[in-house]
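Asker: Annotations for this protein, taken from TrEMBL, read as follows:
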- 135-144: compositional bias 'Polar residues' (COMPBIAS)
- 154-173: domain 'Helix-hairpin-helix DNA-binding motif class 1' (DOMAIN)
- 183-202: domain 'Helix-hairpin-helix DNA-binding motif class 1' (DOMAIN)
- 121-144: region 'Disordered' (REGION)
- 15-34: transmembrane segment (TRANSMEM)
Amino acid sequence: MISFIRKIYEENSKIVFKFLLILIIVILTVVVSVRQNASNEIDLGAAKETDKVSAEETSEKEYYVDISGEVKKPGVYKVKKKTRLVFLIDKAGGLTGKADLDAINQASYVEDGAKIIIPKKGENKNSDEAGADASETSVGNTSGKININQASAEELTSIPGVGTVIAQRIVEYRNGARFNSIEEIKNVKGIGDATFEKMKGSITV
């Protein structure tokens with residue numbers, strides 16, 4: 001019996017060898033394919049995660065700012081974080097011939113969600129005259145109200161509802177454009193209707 005099996009093997013050894021070789025090749029091909037697919041899935045997942053993080057970072061670096069007044073194309077513009085007012089004005093088509101350049105600081109940074117109004121020449125004349133007659137502390141006038149266009153950050157903290165952070169934001173905002181009315185202080189980030197109700201009796205422009 002054994003001799004019979006040996007005889008058959010010897011007669012078909014080449015066929016058996018070829019079959020085993022093909023089987024090994026097939027197995028190796030399947031193994032490599034499975035590993036390649038697993039690697040591609042990992043790479044795709046990593047790429048998606050990277051894209052997600054990149055999109056979130058991009059979103060955090062973008063600001064939306066509303067600019068109006070003496071600009072040629074007023075509206076809401078998307079700008080990068082740490083954008084200076086001069087570049088926002090450029091996006092808005094530039095200033096009109098009536099813009100009061102002395103009333104704005106084009107080198108200041110814009111804040112996310114800010115409302116910037118570029119004043120007309122002579123529009124702030126009355127405010128400037130009132131400021132010249134005000135006391136050296138620049139806290140306002142005989143009514144005891146604080147002038148939000150003139151008061152220092154420290155003086156602004158005496159306004160109800162205003163802390164050091166909000167006071168600094170007020171200063172940064174007016175570096176871009178003066179307040180033309182007390183209602184415009186609500187354009188400063190962190191000052192909503194409730195806070196404005198607390199402070200409106202204590203401020204002036």
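Cβ coordinates are placed from backbone N, Cα and C, and glycine is handled just like the others.
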Asker: Residue list, the domain 'Helix-hairpin-helix DNA-binding motif class 1' (183-202) vs rest of chain: Cβ under 8 Å, 6 or more residues beyond ends.
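Answerer: Hits for the domain 'Helix-hairpin-helix DNA-binding motif class 1' (183-202): 111-117, 145-146, 148, 159-162, 165-166, 169-170, 173.
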Asker: If we skip the immediate neighbours and take only residues 6+ beyond the ends of the domain 'Helix-hairpin-helix DNA-binding motif class 1' (154-173), which ones have a Cβ under 8 Å from one of its Cβ atoms?
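Answerer: Residues packing against the domain 'Helix-hairpin-helix DNA-binding motif class 1' (154-173) from afar: 108-109, 111, 114, 137-139, 146, 148, 185, 187-191, 195, 198-199, 202-203.
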Asker: So, by DSSP, how many helix, strand and coil residues make up the domain 'Helix-hairpin-helix DNA-binding motif class 1' (154-173)?
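Answerer: Its residues fall into 13 helix, 0 strand, 7 coil.
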Asker: As a test of reading the model: what is the averaged pLDDT for the domain 'Helix-hairpin-helix DNA-binding motif class 1' (154-173)?
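Answerer: Here the predicted model's pLDDT, averaged over the domain 'Helix-hairpin-helix DNA-binding motif class 1' (154-173), is 89.
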